[in-house]
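Quick look at what TrEMBL annotates:
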type     : residues : note
TRANSMEM : 15-39    : transmembrane segment
TRANSMEM : 60-83    : transmembrane segment
TRANSMEM : 89-113   : transmembrane segment
TRANSMEM : 133-152  : transmembrane segment
TRANSMEM : 172-190  : transmembrane segment
TRANSMEM : 202-223  : transmembrane segment
TRANSMEM : 229-254  : transmembrane segment
TRANSMEM : 293-314  : transmembrane segment
TRANSMEM : 353-373  : transmembrane segment
TRANSMEM : 385-406  : transmembrane segment
TRANSMEM : 418-438  : transmembrane segment
């Protein structure tokens, strides 16, 4: 365990600052697109899909939110406060505001370099590495890393927290939770992509709105403590508070670590849902995915954090293992903080509500994880994986879901941290090399909007190579075709 922790810290401590720097870089590069185009972004959510091979923008947004909004929004916020103090919450929000630009960049690239495979839009990290950077071996390596990460490693974090929440609230054995969660997930992932999208559509809105409503009740029940809580968060973030004066560095490190774990901006997770969307221009999906970062962290994570801080439902540990603040003796860092916060205002309701919220947050994330892992297999094989490979993916994911439910939280969280950091380092470096393309895309989008014309993307006049889907689509539009049924598949030359 010490070795795993050392690896995790070695990857994450410098990455906290790197992630902020990358987000700031793309914020400047796009002229703050995530802020200046926010009102316009809201109008894009309910746009219809432009052809039958993709999914509608709203469905793609919900799919991405489903993968972003998970245990990091409840348990992850608690662990950030425990390790970095209340100031970690401030840096989570800062990371989200800047990270939305990183998400814009990666989602634009996912759209630019996507392919149509067996009638479905497919794209993501390995696609833009292969067709944008033209580094085939790195693209294949990323695809393997991602398939293993989302198919085997990361599901355990979600199921572990479901089991912990159920045990705390109802006394349910983790073994029972393992059987139930694994069984339900099996039914969903054996049902196919269409059932996946329908399941996400149904769960996500109710899940997020219900949680935010309870958070508002808790906050306004402690109305007089709002200003002191915000002051504590701000002062702690910069080491200005007398209790947390020496924890500014830990606040940054753990705030960014848990923000990235939650919203995965720059890690590439949202690129798969983005590429699946039907759109007229890559920038539209970039804007929508950036907006999903706000929902995940600025809304849901902050709702969790302010509940915890305003009710004093937290402990803070020093880097040496000692205790800086102990408001909840014997309560492990994580979902227990949130359960206690809700329980203070709604006695008897907190543990059960948070446990149910954890289930929906984590389960929708598990479903999205399967789609991501499956898409990377499609990339590796150039087509839908055979029955044996598809079955191995499903069984591997179900096995890890079961294992994660009964393994210790420390091991599972550390494995997840290592996996996300590994993907994040590679993807963010690739994004920087592809920044000129991102700049061309946003400039083209701004230019067409200023002209007042219907926005369409054509990579040819922009000098963007490898965007075959969009090239064929532009040619068909010039010829008067209404659809892109003849857009190229990922043929043998592309594999």
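The backbone N, Cα and C atoms fix where each Cβ goes, glycine too.
Just so you know, TrEMBL annotations are computer predictions that nobody has curated.
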Whether the transmembrane segment (353-373) meets the transmembrane segment (202-223): three or more C-beta pairs under 8 angstroms: yes
When counting Cβ pairs under 8 Å to the transmembrane segment (202-223), the leader among 15-39, 133-152, 229-254, 293-314: 293-314
Seg_contact(the transmembrane segment (229-254), the transmembrane segment (133-152)) with at least 3 CB pairs under 8 angstroms, min sep 6: no
The transmembrane segment (89-113) in contact with the transmembrane segment (15-39), cutoff 8 A, at least 3 CB pairs, sep 6+: yes
Chain residues outside the transmembrane segment (172-190) and at least six past its termini with a C-beta under 8 angstroms from it: 159, 162-164, 166, 196, 199, 359, 363, 366-367, 370, 394, 397-398, 401-403, 405-406
The transmembrane segment (15-39) touching the transmembrane segment (385-406) per 3+ Cβ pairs under 8 Å rule: no
For the transmembrane segment (133-152), distant same-chain residues with Cβ under 8 A (at least six beyond the ends): 124-127, 268-269, 369-370, 372-373, 376-377, 379-380, 393, 396-397, 400, 419-420, 422-423, 426-427, 430, 433-434, 466
